[in-house]
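Down below is the structure, laid out as structure tokens.
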Amino acid sequence: MFYREAGQFKSTYPADMAIFPLREDRIGIAVIILAAYSLAFLGNAFLLQAVMIPFLVFSLAAIGLNILTGYAGLLSLGTGAFMGVGAYACYKLMTAFPDVNVIVWIFVSGFFSAAIGALFGLPSLRIKGFYLAVATLAAQFFLQWCFIRIPWLVNYNVSGALDAPLRTLFGIPVLGATATPQTRYLVVLTIVILLTWVASNLVHGRIGRAWIAIRDMDLAAELMGIRPLQTKLLAFAVSSYYCGVAGALLVFLWYGGAEYDVFNINQSFFILFMVIIGGLGSLIGSFFGAALIFILPIVLGIVLPAMLSPFGLSVGADVIEHLRFMIVGALIIFFLIVEPHGLARLWQIGKQKLLVWPFPY
Amino acid sequence: MDILYKVFIEPFVFMGEAPDLLLQTLWEGLVSGVLYALIALGFVLIFKASGVFNFAQGIMVVFSALILVGLYEKGVPAFLALILAIGAMLLLAVAVERVVLRPLVNQPDIILFMATFGLTYFLIGLGELIFGGNPKEMITGPLFLPQGTTELEMFGGLVRFQHLDIAAAVIASIMIGLLAVFFSKTRIGRALRAVADSHKAALSVGISLNQIWVIVWFAAGIVALVAGIMWGARSGVSFSLQIIALKALPVLILGGFTSIPGAIIGGLIIGVGEKLGEFYWGPLVGGGIETWLAYVIALLFLLYRPQGLFGEKIIERI
Amino acid sequence: MRAPDNPVAAKGDVLLAVDNVSLGFGGVKALSDVSFDIRRGEIRAIIGPNGAGKTSMLNCINGFYYPTEGRITFKGVKRPKMRPYEAARGGIARTFQNVALFKSMSTLDNIMAGRSLKMKSNFFWQLFRHGPAMKEEVEHRRVVEEIIDFLEIQHIRKIPVGRLPYGLQKRVELGRALAMEPDLLLLDEPMAGMNLEEKEDMSRFILEVNQQFGTTIALIEHDMGVVMDLSDRVVVLEYGRKIADGTPDVVKSDQRVIDAYLGVAH
């Protein structure tokens, strides 16, 4: 029908190696991007502020962790802390150099978390699997302690919290109380699209192959001349870069200000769950996972009271939070059992079916 | 030079000047070390028999204690509540074997590990849904846990021993002893060790994996309950205990994942190291280093000896 | 496919020499005092009963283990203690007894991964997948397609190798090793578990690699027929010791070899 492989012949290697070799896929992506941008003008402030901005921010963090855990096969429980490094670095940079555009600092702050991430990635040469997970817990708790105990990081302000000062882009406020959700959404969307494109370039090239090779069969990869330490450290650095940028976006473009506590271990876990449910080793899966885990409590908050109110039962916010934990936990187990490649694989199967529709194969 | 003096000389001088404080710190370190060891033991039990690294062990500690306290608060007599809590752990073991382990058998370790994250969050949600999220007091009197303190005069000062801590150390030691006997002397214990060495070999001599899994998860649940009662009596029952329970992970790294003596010694090292570090070196950097010191010790240790103190050296083959 | 950097030199000069190598794990000795050499351009077989130390020998050669005693000389230089990736850099490629492919990658990507050492474009261009990065990618894709044609695996180009049957996986693994354009190719039981037809194909590929590109090959194989047909010289190991060395005919008639394989009355 409208989604077919037939008739699209590739006469050059670059065409065959394109990330979306199918014309329909390319059109689909263009439509999604267009729709995302027009949402800034069609959607109301609540939708942008409470749904779309956090969804994009978490997607970016999930892409970051997916690079490390999904592609390079290195499990990390320190994502929250690496996000925090980005946020604190961004705060220091933009308050120390207020004249430089804040967008520049958002991108630069990622390099700080990349460096810290690579540092905590050093043990990955010698340890694997859950041993490494415990090592990253060291990063989580140590960095969180730093956020609390080093007042220099928040310029000695009494509250100990990060706040978003007023910053503009082309004269329009993007940070601070006067920035509209619309502007912030557009900034976040652009950054996320740009970084997703870069991530997709990386994972489809030499570096991505090296990551997957190390994940699938590290000894064989080493005998191909792939250097394990460099490859793993690069994965840590790139992953932490993404998390760092996501952390900066989270604090300054979503919350508008935050305390150290948003970078706690539960944050690390929720990002990891997004990656598992969305699909390990899939960029698009990171978006699916972020959507499911982030939007779930919102939907529960709307659906449950509506379902229970006819029976005279009321549902508190705490109950929804507890149910969220239970459902997310159950979903993790469900996906690991039924489809370890997550929502991304379901998506792929759907596309495959569509390709040959109406025939079964 | 000043900083070097403060790091390398001053704390030791201080230790020598006030041995009573040192003894007090050591004692507190030992008690929390014993409790870490007890939590770590739950991990070791499950890891030995099923190769699953059970991240949910920490949560099982809180969950079991919460059931006990929650039932008691609802008017169930203490000992009945205790029995019901044990029953709940059995139910949990059966459910985990049915729902999680059986469908995931033969999956890579890391998948099973992640499944236990799911279990962790499920249990947190369930526990809070039923019993609410507020911290609770552990019942001590009806369970005949001693209260009060003994103060002994020694080294020119008073050293305080909480009776509860003494009881915790004694009970934990008894538990550990019982488990050691269980593993080496009973038929099931030997079967467990067989399963740990090779699943296939165990199957071929007629040991049922499913039964073994239920048994070890149940045993780990009871260990968790004991640990939960002890920790709960010291610092209340709430899911913030989970953070403390995570400390069992560095303990395991020190001790190795398969060794019971390793878990004990690792627990003691971490417990004592943490308290000493916090008391003598913590003030240098503003305190609060207890939250991460254990992990950093484990991390540094890993770099020298990835297999742990008592683990077997891993030879990779291709 | 291009020929390796050092094309066929005269058969005869020594590419790799193993001198008095011993290898022990704790108390167990996997190899004791083994010496032999591999000459440029030849197919050298290493045979022996199970547990004779054949795979351990390969592991020493490609740097996965370091001999406890003795030395290995490669291209005239004594090998220092090194990591496997350094051996790969030196021009040693390898396939495995139990296929060690990157399961989730396609055939194409697996073989592309074998080109890792030859790919140089920097991280900056990798970010954009344009310019030098893309040019390089296309260049190597061309080489990889030649290997795919050579091994006759065009039809499985884009299939994740985890789904392929065993025989094809072995072939992809050979392709991945060839992509490294090695000076020395180590094949660990390339024909294990294959049927007759697959064995014939694999033998043909091995001979062609050797003859067309002049690649030196060391192989471990249990099928005596294959070994005798393919190899120029054979070294026989038993219990970690060398018991015979020479042309297939010489080895075949060696009494100790016959004893080792058929068992000897004690």
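Positions of Cβ are set from backbone N, Cα and C atoms, glycine also.
Sequence-distant neighbours of the transmembrane segment (A:27-48) (same chain, 6+ residues past either end, Cβ-Cβ under 8 Å): 20, 180-182, 184-186, 189, 193. Per TrEMBL, transmembrane segment is recorded for A:27-48 (among others).
Under the heading transmembrane segment, TrEMBL lists A:55-82 (among others).
Panel annotation: around the transmembrane segment (A:102-122), residues 74, 78, 82-83, 85-87, 89-90, 93-94, 135-136, 138-139, 143, 167, 169, 174-175, 187, 191, 232-233, 235-245, 247-249, 252 of the same chain, lying at least six beyond its termini, place a Cβ under 8 Å from a Cβ of the stretch. What TrEMBL lists as transmembrane segment is A:102-122 (among others).
Annotation source TrEMBL lists transmembrane segment at A:129-152 (among others).
The feature transmembrane segment is assigned by TrEMBL to A:185-203 (among others).
Annotated transmembrane segment per TrEMBL: A:233-255 (among others), in sequence order.
According to TrEMBL, the feature transmembrane segment maps to A:267-284 (among others).
Annotated transmembrane segment per TrEMBL: A:291-313 (among others), in sequence order. Remote same-chain partners of the transmembrane segment (A:291-313), defined as residues 6 or more beyond its termini with a Cβ less than 8 Å from a stretch Cβ, comprise 50-51, 54-55, 58-59, 270, 273-274, 277-278, 319-321, 323-324, 327-328, 331, 343.
Taken from TrEMBL, the feature transmembrane segment applies to A:325-344 (among others).
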Checklist entry - At an 8 Å Cβ cut-off, counting only pairs 6 or more apart in sequence, do the transmembrane segment (A:233-255) and the transmembrane segment (A:55-82) clear the bar of 3 or more pairs? => result yes
Next on the checklist: Considering only Cβ pairs within less than 8 angstroms, which of the stretches A:129-152, A:185-203, A:267-284 has the most against the transmembrane segment (A:55-82)?
Outcome noted: A:267-284
Checklist entry - In the same chain, who gets a Cβ under 8 Å from the transmembrane segment (A:267-284) while lying at least 6 residues past its ends? => result 58-59, 61-63, 65-66, 69-71, 76-81, 83, 140, 196, 199-200, 203, 212, 215, 243, 290, 292-294, 328, 331-332, 335-336, 340-345, 347
